[in-house]
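As structure tokens, the structure follows; a few thoughts come after it.
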Amino acid sequence: MSTSTQNIPWYRHLNRAQWRAFSAAWLGYLLDGFDFVLIALVLTEVQSEFGLTTVQAASLISAAFISRWFGGLLLGAMGDRYGRRLAMVSSIILFSVGTLACGFAPGYTTMFIARLVIGMGMAGEYGSSATYVIESWPKHLRNKASGFLISGFSVGAVVAAQVYSLVVPVWGWRALFFIGILPIIFALWLRKNIPEAEDWKEKHEGKAPVRTMVDILYRGEHRIINILMTFAAAAALWFCFAGNLQNAAIVAALGLLCAVIFISFMVQSSGKRWPTGVMLMLVVLFAFLYSWPIQALLPTYLKTELAYDPHTVANVLFFSGFGAAVGCCVGGFLGDWLGTRKAYVCSLLASQILIIPVFAIGGTNVWVLGLLLFFQQMLGQGIAGILPKLIGGYFDTDQRAAGLGFTYNVGALGGALAPILGALIAQRLDLGTALASLSFSLTFVVILLIGLDMPSRVQRWLRPEALRTHDAIDDKPFSGAVPFGSSKDAFVKTKS
């Protein structure tokens, strides 16, 4: 940028079409967050009406995680082939239909299937909306695009909690799911009123359709084996998260089977760049492992160990959720100022200062606890708002939506595993200590993975001939692409 351009406020670099594109995607992401958390809000009512066991009730939450990886792959491939806009609209319709079906569900099986549909739609929305907005905004503002967008999910969760308190006491739990019809109307408006992402349009206009991840896996030479592995992964995940298995060895074996299948898919679809894809899955996995114990078990901690009443719990959770939403936006500014990886590391290091006080302060002063949680979540959870920008930079435009959708949603299985780890540690320690120790230790793993740019570093170690030296989204160099101590002159821009 020229000096004169740098003096212009950042928001004036965006035209009306770019703001409209962002607003549409942000509302879609808000609706995604709204729909996803509804089941957690009404789980006790659903369990009571259907006569479910605790395991069956919990499986309705896990169901969305079981299908997410496939939704990210399928709808991401749609975005790579037919455009980000169509994939985003299709994702919104998919999770809206699933939510509406939950409202009509006559029993457990129907609701479980509906939750699978919601998981697929949510995964597709993440990949398609993120790539749509990032590719629509100028390169120097793409961390802001990512962070601002992801804040919509946290806002949607807060809105869902408020709507729950107004709707369910009067009309019952099913009425909450009937609101799921509204995003479909919104999706139809989107289809006619938003432009296609600029990067995708420039890459594909007038050219033959690209070969997507779906083409490679399910229409290629190994399609039969890959279809069988897809069913095997789905069955293994179901038994792990919804099958009430008591044998830890069997669960570990099924988890290992899923890991082998997902790595196999990444190797087939990414070719020589598979080390980058596998490391990105690990980054996301540990990002969920450090953050989701608090996300999932904080309400339990507040109710059981601090003995807070429901109203106080709601107030504290508001601080937490609002902090995460603000943090996504702050992370966007930090990312464009410091660079994506440096901003991520600095924010996580700052959050580490707060994690111990959050669980050491006790429950005597609710406002102090709320403020500590606000800032801890702002720095620790909110910075994940620029994770789509970080992941997307490792993929070329042709494979970005499916690459982002698949790697993120495979790693997101850590979100299903994290509460279990927290609960297991809490059997030996109190819950607050368990959550603090788990989050504190695993955050350092993410700091190392991102700070050392391990995706590029492992790529350089294993398959250097396919190494990408610069971010595909903003053209900034990858620090892990050259050995320690090498001059910056060693960076030579390459295409993968």
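Every residue, even glycine, has its Cβ placed from backbone N, Cα and C.
Summarising the annotation, Swiss-Prot assigns transmembrane segment to 86-106 (among others) and lists sequence analysis as the type of evidence. Outside the transmembrane segment (86-106), and at least 6 residues removed from its termini, the chain residues within Cβ reach (under 8 Å) are 25, 28, 31-32, 35-36, 38-39, 71, 75-76, 78-79, 113-118, 120-125, 127-129, 132, 174-184, 186-188, 190-191, 401.
The transmembrane segment feature in Swiss-Prot is assigned to 116-136 (among others); the stated evidence is sequence analysis.
Marked as transmembrane segment by Swiss-Prot on the basis of sequence analysis: 148-168 (among others).
Long-range neighbours of the transmembrane segment (170-190) within the same chain, counting only residues 6 or more positions beyond its ends whose Cβ lies under 8 Å from a Cβ of the stretch, are 24, 27-28, 31, 35, 38, 41-42, 45-46, 49, 85, 88-89, 92-93, 95-100, 102-104, 163-164. If you look up Swiss-Prot, you'll see 170-190 (among others) marked as transmembrane segment.
What Swiss-Prot lists as transmembrane segment is 224-244 (among others), and the listing cites sequence analysis.
Here Swiss-Prot flags 247-267 (among others) as transmembrane segment.
The feature transmembrane segment is assigned by Swiss-Prot to 278-298 (among others), with sequence analysis given as support. Same-chain neighbours of the transmembrane segment (278-298): 262-263, 266, 316-317, 320, 373, 377, 380-381, 384, 387, 390-391, 394, 407-408, 410-415, 417-419, 421-423, 431, 434-435, 438-439, 442-443, 445-446, 449-450, 454-455, 458-459, counting only residues six or more beyond its ends whose CB sits under 8 Å from a CB of the stretch.
The transmembrane segment annotation in Swiss-Prot covers 313-333 (among others).
Positions annotated as transmembrane segment by Swiss-Prot: 353-373 (among others).
The transmembrane segment annotation in Swiss-Prot covers 374-394 (among others) and rests on sequence analysis.
Here Swiss-Prot flags 406-426 (among others) as transmembrane segment. Long-range contacts of the transmembrane segment (406-426) within the same chain: residues 62, 65, 68-69, 71-73, 76, 123, 126-127, 213, 237, 241, 258, 262, 265-266, 269, 277, 280-289, 291-293, 295-297, 387-388, 391, 434-435, 437-438, each at least 6 residues beyond the stretch ends and with a Cβ under 8 Å from a Cβ of the stretch.
What Swiss-Prot records for 431-451 (among others) is transmembrane segment.
For the transmembrane segment (313-333), the residues of the chain that approach it from at least six positions outside its boundaries are 143-151, 154-155, 157-158, 161, 298-299, 302-303, 343-344, 347, 366, 369-371, 373-386, judged by C-beta separation under 8 angstroms. Between the transmembrane segment (431-451) and the stretches 116-136, 148-168, 353-373, 374-394, Cβ pairs under 8 Å are most numerous for 353-373.
The stretch from 148-168, 224-244, 247-267, 374-394 that makes the most Cβ contacts under 8 Å with the transmembrane segment (116-136) is 374-394.
Contact between the transmembrane segment (148-168) and the transmembrane segment (247-267) does not hold: fewer than three of their C-beta pairs are under 8 Å, each pair 6 or more apart in sequence. Proximity of distant same-chain residues to the transmembrane segment (247-267), defined by a Cβ-Cβ separation under 8 Å and at least 6 residues beyond the stretch ends, is recorded for 69, 73, 213, 217, 226, 229-230, 232-233, 236-237, 239-240, 274, 277-278, 281, 406-407, 410, 413.
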